[in-house]
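In what follows, a structure is listed as structure tokens, so that the remarks can point back to it.
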Amino acid sequence: MNVPPVLLLFLLSSVRATEQPQVVTEHPSMDAALTGANASHFWANYTFSDWQNFVGRRRYGAESQNPTVKALLIVAYSFIIVFSLFGNVLVCHVIFKNQRMHSATSLFIVNLAVADIMITLLNTPFTLVRFVNSTWVFGKGMCHVSRFAQYCSLHVSALTLTAIAVDRHQVIMHPLKPRISITKGVIYIAVIWVMATFFSLPHAICQKLFTFKYSEDIVRSLCLPDFPEPADLFWKYLDLATFILLYLLPLFIISVAYARVAKKLWLCNTIGDVTTEQYLALRRKKKTTVKMLVLVVVLFALCWFPLNCYVLLLSSKAIHTNNALYFAFHWFAMSSTCYNPFIYCWLNENFRVELKALLSMCQRPSKPQEDRLPSPVPSFRVAWTEKSHGRRALLANHHLPSSQIQSGKTDLSSVEPTVAVS
């Protein structure tokens, strides 16, 4: 049932008496909405439990009205949006246009790029617009849809990073076993999206749009979590489960997988006779590969740890909202969408070769087929490619030492574990 305005004012005054003075001064707009004639308008359509939930959320900070702060945030988030879209769209374009890059591993890379594009388009702008306008302008339906899209894209990104790590682990640790087929890759990606949807639905369902009269001419809205009773425990354990599924578990799997891969690559011996120059080149490549693996783990851990801990502490009521901290942590987490294309593609020599080939095709007319030189194929494709044609295998063997050709083995030091080409 609806609560009489007199009782609301009485309860509000009781809550104010228990709050610290600075908390009230941080919420001038909300205080105005909850006093006097505005109170009856604000709570006309809400129950007593709605009022309790809303008052509980008043402790979690207010919006900054500083134009300089808003301008800086717009510039900072625009930087992420531009670079993330450019990098991830280009990754998808290069992989789709090049038949040689169509593999299960490439599907995972594309899925990661799609998830990062979703984060860029559906997470960053909603957060920024809500802060700049100090109100929710997207309507009741988008209050639920945006929350679902935000969490779903984050789960897809984390799960895809985990799938890539597991795939690389299988390739390096068991090089003679068949690679994951494209069909299985599609199935794994479908499972990732189903899991992400399942994990994201509670966040989408437990959202509510609160509307209040800010002034005589302005009505503002807030899209807030609205959990069933006991709301505090529900919120706390939901965020705890999200923290484990979205951060701790993927980080553990990625760390273990890449640690084993790095150890395998570092300890493996070169097959056949090699010169000192070749040995030093292979050693440098080992170091570069291990550094890339460490970079993947460190960036994932550093980018997402602050925001996840902040949200978990907030839902546990251990801290109050601090806008400066929130947007610093949020920006840092969102910036991972710019790093992923760089780590998984730009640092990979094969991807750069394919990108240059694609750009050269766009710049000048292509030569007749008989005049083209065959593209170099990495030596490790001989052992791992499922459907190797005779010509490609012969070309690959041309680059291998004679001892390797006779043994049919592959030198693990020549493998790039985060390669997008299979």
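Glycine residues also receive a Cβ, built from the backbone N, Cα and C atoms like all the rest.
Taken straight from Swiss-Prot:
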SIGNAL    1-17  signal peptide
TOPO_DOM  18-70  topological domain 'Extracellular'
TRANSMEM  71-91  transmembrane segment
TOPO_DOM  92-106  topological domain 'Cytoplasmic'
TRANSMEM  107-127  transmembrane segment
TOPO_DOM  128-143  topological domain 'Extracellular'
DISULFID  C143-C223  disulfide bond
TRANSMEM  144-166  transmembrane segment
TOPO_DOM  167-184  topological domain 'Cytoplasmic'
TRANSMEM  185-205  transmembrane segment
TOPO_DOM  206-236  topological domain 'Extracellular'
TRANSMEM  237-257  transmembrane segment
TOPO_DOM  258-292  topological domain 'Cytoplasmic'
TRANSMEM  293-313  transmembrane segment
TOPO_DOM  314-326  topological domain 'Extracellular'
TRANSMEM  327-347  transmembrane segment
TOPO_DOM  348-422  topological domain 'Cytoplasmic'
REGION    401-422  region 'Disordered'
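Counted within 10 Å of its Cβ, the other Cβ atoms near C143 (disulfide bond) come to 21, all protein chains included. The residues of the topological domain 'Extracellular' (128-143), classed with DSSP into helix (H, G, I), strand (E, B) and coil, number 11 helix, 0 strand, 5 coil. Beyond its flanks by at least six residues, the transmembrane segment (185-205) meets 103-105, 107-108, 111, 144-145, 147-148, 150-153, 155-156, 159-160, 163, 225, 238, 242, 245-246 of its own chain at Cβ-Cβ distances under 8 Å.
Each residue of the topological domain 'Extracellular' (314-326) gets a DSSP state, and the totals for helix, strand and coil are 6 helix, 0 strand, 7 coil.
A Cβ distance under 8 Å defines the sequence-distant neighbours of the transmembrane segment (107-127), meaning residues of its chain 6+ beyond its ends; these are 77, 80-81, 84-85, 88-89, 91-92, 95-96, 138, 146, 149-150, 152-154, 156-157, 160-161, 163-164, 167, 182, 185-186, 188-189, 192, 330, 334, 336-337, 340-341, 344-345, 420. Within its own chain, the transmembrane segment (327-347) is flanked in space by residues 73, 76-77, 80, 83-84, 87-88, 90-91, 94, 109, 112-113, 116-117, 119-120, 123-124, 127, 131, 157, 161, 164, 292, 295-296, 299-300, 302-304, 306-307, 310, 418, 420, which lie at least six positions past its ends and keep a Cβ under 8 Å from the stretch. Comparison of 71-91, 237-257, 293-313 by number of C-beta pairs under 8 angstroms to the transmembrane segment (144-166) places 237-257 first.
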